[in-house]
Amino acid sequence: MDWGTELWDQFEVLERHTQWGLDLLDRYVKFVKERTEVEQAYAKQLRSLVKKYLPKRPAKDDPESKFSQQQSFVQILQEVNDFAGQRELVAENLSVRVCLELTKYSQEMKQERKMHFQEGRRAQQQLENGFKQLENSKRKFERDCREAEKAAQTAERLDQDINATKADVEKAKQQAHLRSHMAEESKNEYAAQLQRFNRDQAHFYFSQMPQIFDKLQDMDERRATRLGAGYGLLSEAELEVVPIIAKCLEGMKVAANAVDPKNDSHVLIELHKSGFARPGDVEFEDFSQPMNRAPSDSSLGTPSDGRPELRGPGRSRTKRWPFGKKNKPRPPPLSPLGGPVPSALPNGPPSPRSGRDPLAILSEISKSVKPRLASFRSLRGSRGTVVTEDFSHLPPEQQRKRLQQQLEERSRELQKEVDQREALKKMKDVYEKTPQMGDPASLEPQIAETLSNIERLKLEVQKYEAWLAEAESRVLSNRGDSLSRHARPPDPPASAPPDSSSNSASQDTKESSEEPPSEESQDTPIYTEFDEDFEEEPTSPIGHCVAIYHFEGSSEGTISMAEGEDLSLMEEDKGDGWTRVRRKEGGEGYVPTSYLRVTLN
């Protein structure tokens, strides 16, 4: 079935239908264009989302990147980013294959449709013109027939009239004959025009217009076929990216399955294991025994100058709780009259170690002086922490790992330089054997530079090996101390009832007479409590300073210095007016901050 046969009289219907088909094509192109914009906006938002949640720091500088949870999350973000790329690819394919192609095809269809309908309208106009000519010839024939009949009647009337002259009769007959001849010619013209119109009309309805309608049908069917193919491109663009999107989803699933809680726990241990030994048992302090508060009493273990005796390194104890914050030294205690203790300097800041009474000294120390281990500074993240080359600012375990990393890096660099030196030597030998390939002397600067780098890296490797050995020994020592303390059972407290103080005193006297006094028995519990305040691991200086004025350093915890003396800065002023320094010949202590000119590293 075709339009030329079945719809020969539906010219306007076909015109509306073909216009609707082209409008539908344009609507689909517009839909795909907006769909492309949606895909592009979706991909852009996905990329922005991924960029927002990706780690800002490089993986090598981000400790969190070592955890499988973080790695899986980053992998999921990367898969989402790849997914966004596939959405962009869908948008690009739709834009090129559908929007551009169908827009161009729609313009071609509009031109073809316009041409066909112009041809049909010309045929209609020609047929209408033929019909008008037929009508004109018909009216002329009708008019001529009436005129001929009228002339014949007039001639017949004059012929019968006896009063009419012979000349009038002849004239009337001639006029009737002329009119009859004109009517005959009009008849022949009308018949010819009618025959011509019928032929044109048959050609119009049976040949010309059916051909035009068939062309319109073919055009519309081609348009519909192309539109259906455009519908298919919409799904094909999606199907093309389905395998990649499936891989993205599979990658997300793999990332989800890659989360390893046990490994993350192990990584946390590797990152933050300090290597410190666990705290030992808290010693029992017996306050039931009478104590003499005189400064000269030797039972307190206080020297005659009023300074408490510091315990040696072999008797140091582990810190009780390494995670507590260190407080700044408190102001000096008040005198019995309520005022501050006089300073050793007339115009200087108050001394951090004032007073001569041992118990007052110990009370002041326990309130003002806190442990200053370098490793504990790193745990609390103090602003005064100084990053040293040997990583001594880190806990022992972390120091060992960082030193191991540095040693491996230096070893790789050393091997690279050695390989480069060997390659340069081989190239030099080739140049010497075949001078046309190059000048051997041109390689001397590179060889010399490589040798210099090798020597430098060897020294660095030796340096890091020594530091690593020291750090490993410290870690092993801490582990051994911790295990030995853990294995040793705690000492039972030697407490006595309040009403048996005399018996306890006599028993102590008896035991002391039977056993020789030892170094450990001479240390009373009150000194055991404060020995950790005096024991510090050696730390690296954070700067240097020069003494502007002379300072005697007669108070407890201070150190003397001469005007112009160079000192190492060990700890900055915490706001109390005192700074801890170290002398070149040894010895550390506090001096007034206003007496120094400080330069930080």
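Note: Cβ is positioned from N, Cα and C throughout, glycine not excepted.
Quantities reported herein were computed from a predicted structural model and do not represent experimental measurements.
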Which residue from S106, S296, S343, S554 is recorded in Swiss-Prot as phosphoserine?
S296
Quick one: which of S351, S540 has phosphoserine in Swiss-Prot?
S351
Could you let me know which of S298, S411, S484, S501 shows up in Swiss-Prot as phosphoserine?
S298
Phosphoserine according to Swiss-Prot, picked from S68, S299, S495:
S299
Give the residue counts of the compositional bias 'Basic and acidic residues' (407-420) per reduced DSSP state, in the order helix, strand, coil.
14 helix, 0 strand, 0 coil
Determine which residues of the chain contact the region 'Disordered' (390-420) at the Cβ level, with the cut-off under 8 Å and only residues 6 or more beyond its ends counted.
270-276, 374-375, 377-379, 450, 453-454, 457-458, 460-461, 464-465, 467-468, 471-472, 474-475, 478, 539-540
Give the residue counts of the region 'Interaction with WAS' (544-601) per reduced DSSP state, in the order helix, strand, coil.
3 helix, 28 strand, 27 coil
